[in-house]
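Visitor: Shown below is the structure under consideration.
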Amino acid sequence: MVRKPVVATISKGGYLQGNMSGRLPSMGDQEPPGQEKVVLKKKITLLRGVSIIIGTVIGSGIFISPKGILQNTGSVGMSLVFWSACGVLSLFGALSYAELGTSIKKSGGHYTYILEVFGPLLAFVRVWVELLVIRPGATAVISLAFGRYILEPFFIQCEIPELAIKLVTAVGITVVMVLNSTSVSWSARIQIFLTFCKLTAILIIIVPGVIQLIKGQTHHFKDAFSGRDTSLMGLPLAFYYGMYAYAGWFYLNFITEEVDNPEKTIPLAICISMAIITVGYVLTNVAYFTTISAEELLQSSAVAVTFSERLLGKFSLAVPIFVALSCFGSMNGGVFAVSRLFYVASREGHLPEILSMIHVHKHTPLPAVIVLHPLTMVMLFSGDLYSLLNFLSFARWLFMGLAVAGLIYLRYKRPDMHRPFKVPLFIPALFSFTCLFMVVLSLYSDPFSTGVGFLITLTGVPAYYLFIVWDKKPKWFRRLSDRITRTLQIILEVVPEDSKEL
């Protein structure tokens, strides 16, 4: 059976079409009547959607080192203003994605919207960088935080060995991959539990902070807008840190096809999640300042631990566990969502065919999940992991800005397009400008890293013409590619998705 992708792909087909019995039939076989289709099921309810957004946005930063904004604003009051403003701007981006997700009912997020508006080249470059660098690197970073804080209660009196951190991290990554390969339902249920843990951890900080306010502990808020002298360059950097802290609201759009009743669920999940996150972030910072001065917060290596040691006594030992669970939730949500990006890109012919196949029994995009495992392990044991991510930090904002600018373009080019959820045009316009500002700021503040990242991103252009456009590849290459695909199908028990209405 030969697949016909949107554009020429590495292999011209030759994979095997399977069925729910796990058998790979011959061309003459008939599918039993009433047999369940091999597709990704619509199992993402409103609660699960909310848990995915909250679970991926809230990582370790708010608990460990929320000082980037304070350091660059110079005052308690201005830092709280920036936390609130960045929450509102992130909500604008999320609302823009809600319109895109309900108008273009396909999974894939940025990739799908860029493909729809700007064509295959830019879309391929987006998924190229995401697959090879950004997602493995980001997963490794949040996983390292998980490994460090899960071990911290066992190494109170001494430094945690780096090898131990990486080994525990590797175990955590493997558990996440296995979980997402095994069951969509269980991944979503565990994500709900981990989101509950995150919110519990935030409440453990907020409630004592509110009690402190009731007791009159407001001396750190006196002259809240006076403090250290801050250069004008500091304010854009504070804005950059704030927007980065809210990043992750777009992940629900990566799994649009699995969302139950997306026209209602996506906008509701986005609004509920962003409201909870913004209020939670602001109140957590307010709680910190009821007990910790601005100077102490800037010097602390783990703000939540410092806060809990002063107010909660021995209960502060639980904070590292909550941070580890928070990191695990970010790992799980990120892998769950981004695997669908690779799945959709493969379905469009931009990645190897095997990545668009589904397990015949578990109905999970197994190859698209496990492809992240070796790439993440390489990143985990790489010495320049953080530098590599810094090189490519601008790319996220560039492609998000393009996707939201595409919304404005579609308003004028396709005015009759069905839009169940529609936002005022100033919202995507303001957010697109915000993304442009973030890219320019990256270039201005660190031109070398941004330049290197831009060059890495540009490698996607020759890769596109070599792997996608060039369709006169040697026959031996095609045969080898098809043989590898068929072998992996048999080993992994995966088949192409049955056709379905989107």
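Each Cβ is built from the backbone N, Cα and C atoms, and glycine gets one as well.
Here's the feature list from Swiss-Prot:
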- Arg135, Tyr244: L-glutamate binding site (BINDING)
- 102-116: intramembrane segment (INTRAMEM)
- Ser26: phosphoserine (MOD_RES)
- 65-74: topological domain 'Extracellular' (TOPO_DOM)
- 96-101: topological domain 'Cytoplasmic' (TOPO_DOM)
- 117-130: topological domain 'Cytoplasmic' (TOPO_DOM)
- 151-163: topological domain 'Extracellular' (TOPO_DOM)
- 180-193: topological domain 'Cytoplasmic' (TOPO_DOM)
- 211-234: topological domain 'Extracellular' (TOPO_DOM)
- 256-265: topological domain 'Cytoplasmic' (TOPO_DOM)
- 287-317: topological domain 'Extracellular' (TOPO_DOM)
- 339-364: topological domain 'Cytoplasmic' (TOPO_DOM)
- 409-422: topological domain 'Cytoplasmic' (TOPO_DOM)
- 444-449: topological domain 'Extracellular' (TOPO_DOM)
- 471-502: topological domain 'Cytoplasmic' (TOPO_DOM)
- 44-64: transmembrane segment (TRANSMEM)
- 75-95: transmembrane segment (TRANSMEM)
- 131-150: transmembrane segment (TRANSMEM)
- 164-179: transmembrane segment (TRANSMEM)
- 194-210: transmembrane segment (TRANSMEM)
- 235-255: transmembrane segment (TRANSMEM)
- 266-286: transmembrane segment (TRANSMEM)
- 318-338: transmembrane segment (TRANSMEM)
- 365-385: transmembrane segment (TRANSMEM)
- 388-408: transmembrane segment (TRANSMEM)
- 423-443: transmembrane segment (TRANSMEM)
- 450-470: transmembrane segment (TRANSMEM)
Visitor: Counting Cβ pairs under 8 Å that sit 6 or more residues apart, are there three or more between the transmembrane segment (423-443) and the transmembrane segment (365-385)?
Guide: no
Visitor: Do the transmembrane segment (235-255) and the transmembrane segment (75-95) share at least 3 Cβ pairs under 8 Å, sequence separation 6 or more?
Guide: yes
Visitor: For Arg135 (L-glutamate binding site), what is the secondary structure by DSSP, using just helix, strand and coil?
Guide: helix
Visitor: Per DSSP, what is the helix/strand/coil residue tally across the topological domain 'Cytoplasmic' (96-101)?
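Guide: Each residue of the topological domain 'Cytoplasmic' (96-101) counted once, the result is 6 helix, 0 strand, 0 coil.
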Visitor: So how many of the residues in the topological domain 'Cytoplasmic' (339-364) end up helix, strand or coil by DSSP?
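Guide: Final tally across the stretch: 13 helix, 3 strand, 10 coil.
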Visitor: Calculate the per-residue pLDDT averaged over the topological domain 'Extracellular' (65-74) and state the result as an integer.
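Guide: The predicted confidence over the topological domain 'Extracellular' (65-74), as a mean pLDDT, is 81.
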Visitor: Give the three-state DSSP assignment (helix, strand or coil) for Tyr244 (L-glutamate binding site).
Guide: helix
Visitor: Count the residues of the topological domain 'Extracellular' (65-74) that DSSP assigns to helix (H, G, I), to strand (E, B) and to coil, and report the three numbers in that order.
Guide: 6 helix, 0 strand, 4 coil
Visitor: Counting only residues 6+ apart in the same chain, whose Cβ is under 8 Å from the Cβ of Arg135 (L-glutamate binding site)?
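Guide: Same-chain residues close to Arg135 (L-glutamate binding site) (Cβ under 8 Å, separated by 6 or more) are Gly334, Val338, Leu372, Leu375.
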Visitor: Using Cβ atoms only, state whether the transmembrane segment (266-286) and the transmembrane segment (388-408) have three or more pairs under 8 Å that are 6 or more apart in sequence.
Guide: no
Visitor: Is it possible to get the count of other C-beta atoms within 10 angstroms of the C-beta of Tyr244 (L-glutamate binding site)?
Guide: 16
Visitor: So what's near the topological domain 'Cytoplasmic' (96-101) in sequence-distant terms, Cβ-Cβ under 8 Å and 6+ beyond its ends?
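Guide: Those are 109, 113, 249-250, 252-253, 256, 262, 266-267, 270, 403-404, 406-407, 419, 421-423, 427-428, 431, in sequence order.
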Visitor: Report, as numbers and ranges, every residue of the chain located at least six residues beyond the transmembrane segment (194-210) whose Cβ falls under 8 Å of a Cβ in that stretch; write 'none' if there are none.
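Guide: Tertiary neighbours of the transmembrane segment (194-210) are 50-51, 54-55, 58, 62-63, 276, 280, 283-284, 286-288, 290-291, 304, 307-308, 311-312, 319, 322-323, 325-326, 328-329, 332.
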Visitor: So which of 44-64, 75-95, 318-338 is most in touch with the transmembrane segment (131-150), counting Cβ pairs under 8 Å?
Guide: 318-338
